Structures are given as C-alpha cells and as structure tokens.
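Step one of this worksheet: look at the structure below.
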Ligand code: F6P
C-alpha cells in the first residue's frame, strides 16, 4: 500500500551519538530519491514545538557522513511531555505540511514519538541513535561502535603512562545504566578488571584480583568502571578504597566523559546509519508506523516501538567469561 505521505520530517533527540549525521543524510537522500519532500526539524521536540524547520534536499547533507554530532542539533524537551506541548508540535507539523517523521534517538525520544502517534495518529519511525547500545530490538545502536573505538584508543594511551609509572588506573566510561561500553571496550583494551552494573561482584573480589595481578608480576593495571556501576563507590572513592586496603598500588583516575559521544563515526556506524535511513523512509511510505528500525544478524528488522522502549538489552555472558579468562 503506498501511503499519502508527501513530506517527511527528520530530527535527532536525546544524547547525541556519532552516526546521527549519516542517518540524517540517508533519510534526506532517500526522500529525494523517492521524490518525497523532506524537512529537517532542529533541536528535537523543542524545535518541533517552535516550528524550527528547514526544507532539506540531497545537497543539504553534503559532507556530513564523516562528522560526529548532529547538524540538526539535539535537546531534551520537558514541554513535549505535556499534552499542550505535543498539540503545539502537531499544529506546527501540519502547518508545514509534514505528514510523518523519522526520530533518531534513544528510548526517551521513542517514548515521545509513541505517545505522539497515539494522540494524533501521526506516522513515526525510530532509528536507534545512542552510544549506550541499550535499546531492545537491535544488536547495535548508532554510535556504539564508534564510542568503543574512542574508549579503546583512550585506554591504550592511559596504559602507556600507567606502565611508565607502575600505576593502577580507574577509568570511568559512559553507558548510563548498562555496561556494554565498559565490557566491550574493557576486553578490547585488555583491562585487568571491568566493573559493570549487571555483575556487581563486590569490592573484596576486586582487591583479590588486583592483589593477584601484582603477585603475577603485572606492574600496572587498568580497571574500567561503567558510570552506572553498582559497587556503591564512584571511581574517586574506589581509588581511595584501594589506596587504603592495598597500599602497594599508586592509583590514579581518568573519567572519559563526553569525548565518548563525539568524533567521526566508524565505517560500521556510517554504513548502518545509511541502511537504517533507507529502511525508515521506505517503511513510512509503505504505510507502516510506530516501529523502530534495528539490525539483527546483519539484517534490518522492525520492532514495535513500545517493545523497543520497554525491552532491555542483556549483557553478553559469554563475553564476561572471556574477560575473566583474559585477566589470567
Ligand atoms: O545516553 C547517552 C549518554 O551519553 C549516557 O551514556 C550518559 O550517561 C548520558 O548520555 C549523559 O547525558 P548528558 O549528555 O545529558 O550529560
């Protein structure tokens, strides 16, 4: 069934991630290819309420596939949580002649889109863009692969100075309340210990492991700590705890922070974004709505957006076992 959609909006929402620009580019270029108008919506739901729109054609997205961040900006928007705010947004979209939109963001952004669809019967499709990789219905979210490479590169640099000074480093990484970045980057960077919220193995085990590392002849160590870790101590408190209970270590801390959200997207993220943008536009034109585009076994799939929001991504137990073996 070919729908009556003639003009599609596209926007980015929530925490930005590398690959969002590649996804914007793909949505715009697919609209151009299929002869559908496309409008960029700036600053997510905030710009939607304000009518901050800009028509976009194939040329509008030149030279952005390799750029981190999002040319459409992003924001978190409290007013959109109200019926009044959503009604204002709907009026703005209709005034602009926009018949459907593609939202590139995380579960919070998808929640807004789902409610908007329910209230106004307005077609919406989601593309998962967040470095956390915590969205049900896709093996990878846009930005996760790039963030992993950013973190591994940073840890490689920290390891240089850790080994020069025989130091133990606690490195905090993002992930809000999941340990996917910590676990994958920890294995990739050869961290001696990885602390993630999904597996709180306690401080005694950490001390034991660090003691074993020292006794086995390791002169320096790297411990990756997910920001949502559940030991009950932040990285600075972990440093103090180890200094107090294991004074053999000279301890330092490095919090990677928002650098994990930036940088040129990896090839994988660029290709995934390009694939997802095409699928999102084609799905809208086929009359589909309230779905999220995802990738599973390297095939694109569609998941009901209410499942994507409520579902949880499981930590990879096999990878946890690999990480334990690698610290031998
Ligand atoms: O969701 C992406 C993310 O980077 C999380 O990993 C992190 O906890 C959060 O956003 C930080 O949010 P903000 O950019 O608002 O400080």
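Cβ coordinates are placed from backbone N, Cα and C, and glycine is handled just like the others.
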Original post:
To which of 208, 227, 286 does TrEMBL also attribute binding of substrate at the site defined by 130, 131, 132, 167, 174, 175, 176, 252, 258, 259, 260, 261?
Top reply: 227
Subject >> Given TrEMBL lists 76, 77, 106, 107, 108, 109 for ATP, the same-site residue among 9, 15, 19 >> reply: 15
Subject >> Per TrEMBL, member of 43, 159, 205 binding ADP alongside 25, 26, 27, 28, 29, 190, 191, 192, 218, 219, 220 >> reply: 159
Original post:
Which of the binding-site residues 76, 77, 107, 108, 109 have a Cβ less than 6 Å from any atom of ligand 1?
Top reply: none
Original post:
Rounded to an integer, what is the Cα-Cα distance in Å between residue 76 (ATP binding site) and residue 132 (active site, proton acceptor)?
Top reply: 17
Original post:
What is the Cβ neighbour count of residue 76 (ATP binding site) at a 10 Å cut-off, with all protein chains included?
Top reply: 15
Original post:
Ranked by the number of other Cβ atoms within 10 Å of their own Cβ, which of the binding-site residues 15, 106, 108 ranks first?
Top reply: 106
Original post:
Fewest neighbouring Cβ atoms within 10 Å: which of the recorded positions 107, 132?
Top reply: 107
